[in-house]
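Peer 1: This is the structure, below, for whatever I ask next.
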Amino acid sequence: MATVAAAHSDHAHDEHHDLGFIRSYIFSEDHKVIAKQYLISGIIWAIIGGLMSLVFRLQLGFPDMDLSWLKPILGEWVNESGKLDANFYLALVTMHGTIMVFFVLTAGLSGTFSNFLIPLQIGARDMASGFMNMLSYWFFFISSVIMFWSIFIETGPAGGGWVIYPPLSALAEANPGSGTGMTLWLVSMALFIVSSLLGGINYVTTVINLRTKGMTFDKMPLTIWAFTFTAILGILSFPVLLSAALLLIFDRSFGTSFYLSDIYINGQALPNQGGSPILFQHLFWFLGHPEVYIVILPALGLTSEIIATNSRKPIFGYKAMIFSMAGIMFLAFIVWAHHMFMTGMNPFLGSVFMLLTLIIAVPSAVKAFNYITTLWKGNIVFTPAMLFAIGLVSFFVSGGLTGIILGNSALDIQLHDTYFVVAHFHLVMGSAAFFGMIAGVYHWFPKMFGKMMNKTLGYVHFWASIIGVYLVFFPMHYIGIAGFPRRYYQWSGFEAFNTYADLNAFISVAAILTFGAQLIFVFNFIYSIFWGKKASANPWKSNTLEWTTPVNPGHGNWPGEIPTVYRWPYDYSKPGSESDFIPQNIPFSATPESNLPEENELIEEEKDIENIEYNYNIPD
Amino acid sequence: MTLIIGILALLFLVLTVLVIGKTQDLLKSVKGVKEVEDDSEVDGANDWNALGLMVFWVLSVVGVVWSFLDAKKDFLPEASSPHGRETDYWFWVSMAVITVAFFIVNTLLFYFPLRYKYNKNRKATFYPHNNKLEVIWTVIPALVMAGLVFTGLRVWNRVMDDAPEDAEVIEIMGRQFAWAVRYPGVDDNELGNYDYRLMDDAAGNNFGIDFTDPNSFDDFTNGTEMHIPKGKPVLLKIRARDVLHSVFIPHMRVKMDAVPGMPTKFWFVADKSTEDMRAELNNPDFNYEIACTEICGRSHFGMKLLLVVDEPEEYEAWKKEQQPFLSLNPGFVEKVPDNLKARALKYVETEDAEVAMVTEEVEVVE
């Protein structure tokens, strides 16, 4: 805050008006603009990733369908008899996973809300380094362009699953997607990791250093806690993916044998010996599992804020929420091998990881219970954001519970790599995180664009989405229990998987309708930016600092001094107070009627808080 | 099913009409005067949404119960191995536990909105924490988890334990895009060595069998079906020669990745023969199948191998009928070192072999 604040008071005003279009909207260093850039990129990617899933859902639901009408878009990937190419099917599955996990739910979610909310909620003028923040977005942009480009090359994009296990991903002769498509995938992901690290380091630095007066750690909103934990997870685990990718690049291009050994392919024995494909899986999942929490923690953070605000009640168990998130973050690093029970690794390792995995259910359960207790005896306002937040909790619970079965290595023997897994993670991290992101957009839209999104369309969007998501993913568990394997182009070759043709068709129809419902959101989003009703400064009567800014916060966020913080962010419906919310910047001395006994003692400290002097001499 | 799709389509149709109507309203107002609106005013929609959540949940419960009963007949295909029935049992125990949690938690989650929906005459209860409550719901899941972990570990350790000494050893190898099996043969009952550098599809040695190892002489292979005896432990030695594959035998509850360069294994007992299952399921066409569950490329979905479970005596008879690889591919006798040629030639009864034997004798004479 220090330097930015100084800069702002001295000469930032002139600078602000002098910035041209390019510096204000394209190569901007303002965290709010960067957040919007991430959001819009995320939405575009979500549409692309969603459309891909519809194409392979058509294949799975209606294997005999004539897809010739897709020829104008897919060209040669649909053959003469109107059938989707099996390689392209795998490529679609791969790209759908990559796009949704990394580009939508990591960049689109963390990138948007960490950038937007961290400075606004902790009371800072901007991120610790605006320049790094800008770089972070543009690295992401280049990474996006490369990934997008890879869709259009002749041999098709990467097709070995989003987990890109070698040797399939290492040998161009094993799969057409493992040629140029895979190269572009790796380059794109390397840039993505750079972007993610630049962002993550910035988030953590900002939270540690730039909190406003009085914003001690125990007064931070849960959103900020969630973003911080997420950033730490990313900083510690993404470099491991980078090293995994780097070794894979070496194996692919420079003849090394990190992951390759004893391979005979295309009538030739390869010279590689001594490598281990399992090594890649360990490295991949050392990121891959924390990645799941990188996706879900920010969503849970946003939900905490939205549920408390709209229940007009303090979040239940503020400290327990922080400790659960810390517990989840810690455990996230030591459960990765539960993705690998059936890879042939030592069964003893399986036992250890099963134990650790089931422990992680405890903090997750605590979080779910706390949300529900927050609703209890609340005075609940159902904004679209609130509805989506409730939907998130439902998905988190329903999807999380099946994790107890999958985390049990003995039961995983049958269910590993079946549709049970697909159903599980699409509910618990896919749909839940997606709902968190949508809820966040509805809730903070007034602060982002100074306009309100249309409520009625929001309601319709919510109802179509929650019904749709459950109709898609609930029956998928059944298909999984029957043993249907993932990433199958069709199942009819096996007697064992020859049932459920109607259920698969049903899921596909539900998926198409659910995707259609998202277009309502896209329409609402674009419409509201331009023609939405003007918002008030604090439309949801919320306590956190971002709502003390003007309707359209300018560069530096607060026109005058940054507000000082005196209380935690959840003083909703405090007994004795006339209003049902008391923002964080209201001192206890101003609310004698509602103070708790221990809070009256804090009044004396208010002077000290106000007298805190920041050292303005920290070099930028 | 058609009915449901119909209802679903109707539902979305109604929603679409609503949306279009609303959109037109909005578009009309585009040019109208925009006022700052205090959107926090709670209107009638609040009550409808609160009610909607509860109705949604009630309908969901009906849907979940109905669909579960409807789909149940195809769940977990009849297990044909003792460990499979054990994991199935614990699957359903875990399922019961999570189903209870699923209904309780979701019921509260969807009921509270209705019960505590906004009322301007009421104030929410300021209830920031309750340590006792927190401890209770930390401890209860922890205890349930501990129970599940404990039972899970016992089952896991038993399934993954070393195979019994007398287990029938069969090698299964995955490649793009087929499975192939190799048996240790009836004479020595030992699998011969292999080396991936000896693989040669053109010559027929797709397993990379090493003919300098005499154990390989009587080994026989099969690319279309795997036979195993009923009631006897079977140890699968699993390998892959190009990319990752995964052996999946749905009815046996067997799954294990096949990894190039790292042999894996899985042992089990099949206690229902193919004939038993045909009678039990009343399906004369029933067959056990082996599938691949690790993405391996284009025809991943087509990697099927038939599994035939025979009565033990039929199995032994079947094994005796099988021709060793060497008998079917006598050319590989050339690869056998001289000191072992005599043993190898037992398996080769063609004229070539006699010629080979003659030349050998000649060499000895010289």
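From the backbone N, Cα and C atoms, a Cβ is placed for every residue, glycine too.
Where the annotation comes from TrEMBL, it is an automatic prediction and has not been curated.
Okay, these came from TrEMBL:
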DOMAIN    B:68-163  domain 'Cytochrome oxidase subunit II transmembrane region profile'
DOMAIN    B:165-321  domain 'Cytochrome oxidase subunit II copper A binding'
TRANSMEM  B:48-69  transmembrane segment
TRANSMEM  B:89-112  transmembrane segment
TRANSMEM  B:135-156  transmembrane segment
Peer 1: The transmembrane segment (B:48-69): which same-chain residues, six or more beyond its ends, come within Cβ distance under 8 Å?
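Peer 2: The answer is 103, 106-107, 110-111, 113-114, 117.
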Peer 1: Which residues of the same chain, at least 6 past either end of the transmembrane segment (B:135-156), have a Cβ under 8 Å from a Cβ in it?
Peer 2: 83, 86-87, 90, 93-94, 97
Peer 1: Looking at the domain 'Cytochrome oxidase subunit II copper A binding' (B:165-321) alone, can you tell me the average pLDDT?
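Peer 2: It averages 95.
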Peer 1: Mind tallying the domain 'Cytochrome oxidase subunit II transmembrane region profile' (B:68-163) by DSSP state, helix then strand then coil?
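Peer 2: Its residues divide into 71 helix, 1 strand, 24 coil.
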